[in-house]
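Lifted from TrEMBL, the feature list:
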ACT_SITE  470  active site, proton acceptor
BINDING   80, 144, 173, 174, 175, 336  FAD binding site
BINDING   208, 209, 210, 211, 212, 213, 214, 215, 295  NAD(+) binding site
DISULFID  71-76  disulfide bond
DOMAIN    23-351  domain 'FAD/NAD(P)-binding'
DOMAIN    371-480  domain 'Pyridine nucleotide-disulphide oxidoreductase dimerisation'
């Protein structure tokens with residue numbers, strides 16, 4: 001069987017390799033990326049595909065996981081279910097202005113939502129297993145590690161170790177939530193535990209300013225909890241467009257979240273009344289729960305990579321080339337464990353292109369340009385392309401910025417003081433739209449369509465020539481006629 005080698009972006013046939021393997025491909029990690037890669041590999045001609053994954057549990061650990069991975073079992077999916085649940089809090093408040101007579105006190109049942117969430121992730125776990133079975137993928141339950149360039153070892157639940165030879169190894173083990181090194185850190189929880197708490201926390205302190213932090217702040221506040229959000233920068237969501245970050249911060253405060261900018265936690269102390277949280281400013285806050293949303297680390301420690309020569313960087317991310325190949329030619333890696341762009345749809349893309357490259361004979365590099373993404377705070381933020389700051393930094397000429405801030409029709413009736421903000425960033429010389437951002441209801445649904453336009457290289461003139469849907473917020477993207485500001489390239493970027 002010919003071994004396919006990537007040489008300068010081309011697939012070249014090596015000498016015939018008569019060595020027989022137990023598998024054409026063995027995948028360690030059955031999250032979104034790993035499942036996609038294994039299934040597509042069979043479609044591209046891989047005859048024998050194996051995969052291993054840790055036993056299922058809603059809260060992950062070094063020995064617990066589950067088919068479906070973080071996104072399906074303890075990330076995007078259960079989080080979105082909780083966002084839906086939390087959104088009803090504000091919707092019920094607004095409903096009174098639309099003629100709905102509701103009791104003054106409306107109770108929220110956390111345990112009922114938790115039960116429905118668990119039912120859904122169990123259902124999805126079963127669906128993923130069936131997809132693998134239907135694709136002919138052999139699934140092993142246990143912990144996998146690499147023991148040679150073409151050999152893996154799976155430790156089963158009873159401690160039995162199985163070894164298999166494989167032509168290709170794909171590592172798709174994802175990442176895990178981290179805890180900050182502060183006194184009392186064992187009293188805090190991560191996003192894993194936050195989605196499985198037995199009792200609803202009436203008061204919460206959240207440390208972090210990224211996706212997970214602002215999303216859980218919105219979730220718990222929407223369900224009625226007192227929420228204190230602490231982060232080190234002046235604004236949350238570092239790396240996003242500064243103007244949109246300010247909008248999110250304003251909305252969080254408008255929804256009743258206590259925002260503590262430029263604040264970190266110094267210590268957690270257990271008391272009879274709950275957890276006493278001391279900030280680095282000396283402030284003390286009592287809480288039922290403290291959530292650490294301070295980042296995730298690649299899940300690579302227990303894979304035995306050093307022993308086989310697979311290089312990792314200083315944070316534990318596996319080093320790969322443009323085709324997701326590691327420093328060992330027969331070993332590949334995709335998804336969060338490579339720490340490239342840590343989003344589920346990106347892992348799916350990487351998994352698809354891995355299969356196409358290795359088994360389809362079509363070398364294919366992932367394209368990380370114009371990938372849309374969303375932060376499911378309430379209301380959500382969604383973006384695609386460059387932020388204003390990135391555009392200024394990268395542009396060779398002037399940048400036109402178009403913005404629109406308005407009160408959605410629904411809010412004009414309910415009286416909610418929460419504006420929707422939209423933004424387009426345009427290259428002045430070419431008229432090409434470089435980026436789009438929106439913070440407001442339905443932002444992810446709208447930006448997904450805008451992403452297609454940016455992927456096709458749409459110009460501002462083409463946006464302007466598109467007829468809008470009325471009445472809708474989305475139409476604002478095709479009716480922003482006046483330039484809000486023009487910025488010359490080379491202007492220093494702010495750091496908030």
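Heads up, the Cβ atoms here are built off N, Cα and C, so glycines get one too.
Sorting the recorded positions 71, 212, 214 by the number of other Cβ atoms within 10 Å puts 214 first.
One way to see the shell of the NAD(+) site is to take the Cβ centroid of 208, 209, 210, 211, 212, 213, 214, 215, 295; the remaining same-chain residues with a Cβ within 8 Å of it are 206, 216, 236, 237, 293. Fewest Cβ neighbours within 10 Å among the binding-site residues 144, 208, 210: that distinction goes to 210.
Each of the recorded positions 80, 470 was scored by the number of other CB atoms within 10 A of its CB, and the lowest score belongs to 470.
Using Cα positions, the member of the recorded positions 71, 76, 212, 470 nearest to residue 144 (FAD binding site) is identified as 71. Residue annotation for NAD(+) gives 208, 209, 210, 211, 212, 213, 214, 215, 295. The furthest Cα pair among them is separated by 14 Å.
With residue 336 (FAD binding site) as the anchor, the candidate recorded positions are 71, 212, 214, and the one with the nearest CA is 71. Counting only residues at least six positions away in the same chain, the Cβ atoms of 344 sit under 8 Å from the Cβ of residue 76 (disulfide bond). Non-local neighbourhood of residue 174 (FAD binding site): 29, 31, 33, 69, 70, 298, 299, 335, 336, 337, each in the same chain, at least six residues away, with C-beta under 8 Å from its C-beta. Over the domain 'FAD/NAD(P)-binding' (23-351), the average per-residue pLDDT in this prediction is 97. Applying DSSP to the domain 'Pyridine nucleotide-disulphide oxidoreductase dimerisation' (371-480) sorts its residues as follows: 36 helix, 33 strand, 41 coil. Reported as a whole number, the C-alpha separation between residue 80 (FAD binding site) and residue 212 (NAD(+) binding site) equals 11 Å.
Across 80, 144, 173, 174, 175, 336, which the record gives as binding FAD, the greatest C-alpha separation is 30 Å. Of all the binding-site residues given, namely 173, 175, the one with the smallest number of surrounding CB atoms inside 10 A is 175. Proximity of residue 295 (NAD(+) binding site) to non-local residues of its own chain (separation of 6 or more, Cβ distance below 8 Å) is seen for 177, 178, 208, 210, given in sequence order.
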